[in-house]
Amino acid sequence: MVGNKQVLYKLVVLGDGGVGKTALTIQLCLEHFVETYDPTIEDSYRKQVVIDGQACMLEVLDTAGQEEYTALRDQWIRDGEGFVLVYSISSRSSFARIKKFHHQIQRVKESTSSPSAYPGSSPLAATNPSAPVPIMLVGNKSDRVTEREVSTQEGHALARELGCEFTEASAKTRTNVEKAFYDVVKQLRKQRQQGQSTPRALPPSGNSKSEKYSGTEKPKRPRGKCLII
């Protein structure tokens, strides 16, 4: 299923604290639901997947949502290719902050539109200014129907305003979890086919389908097949 080389896609998960960014990421990569809220600073995962019949490697960066990590977030955005913007349908305040995260993505990507902008960074992280940044807006916790504060229609309207894709998802029931990430990959793949971005390739890894290859100070989560290096 996997050839001699795998194409790498670097995705970054952004959103307010407590909206379920970690739960979505772990559900995607390890197929496990994390019940407890354990604030993240920066966790990275890799998972080998097949999307539309093509094998690839996803590198997913789960990030902190707190305001004090704004400077770090610039670097995370700079290194990312596609983004999953998450709010909770049961939290109006997390929905209201989405525009702030989206603005930060646009600001950072505009400043890194040429490799010379940041000599210390990889030129592959630079963006083509003519190509839109692939973003998926995700209304998480769709299983919490009785606690809903943000309607599906509001989610669609915001996505149209921001010019990005939208879905509601539930990390708990795994509803639309793959869609949230895979649709970003499909956007990136289309851009690469059109010559708007440069593919990243990496040599074949071991037999592990999923890896957590860097962690924070709070690594005590069930990991399933996860390999820590």
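Cβ atoms here come from the backbone N, Cα and C positions, even for glycine.
According to DSSP, S142 (GTP binding site) is assigned to coil rather than to any helix or strand. The annotation GTP binding site is assigned in Swiss-Prot to 15-22, 62-66, 140-143.
Under the heading compositional bias 'Basic and acidic residues', Swiss-Prot lists 209-219.
Sequence annotations record features per position, and here Swiss-Prot assigns compositional bias 'Basic residues' to 220-229.
Sequence annotations record features per position, and here Swiss-Prot assigns S-farnesyl cysteine to C226 based on similarity to another entry.
Swiss-Prot lists C226 with the feature cysteine methyl ester.
Look at G15 (GTP binding site): DSSP puts it in a strand.
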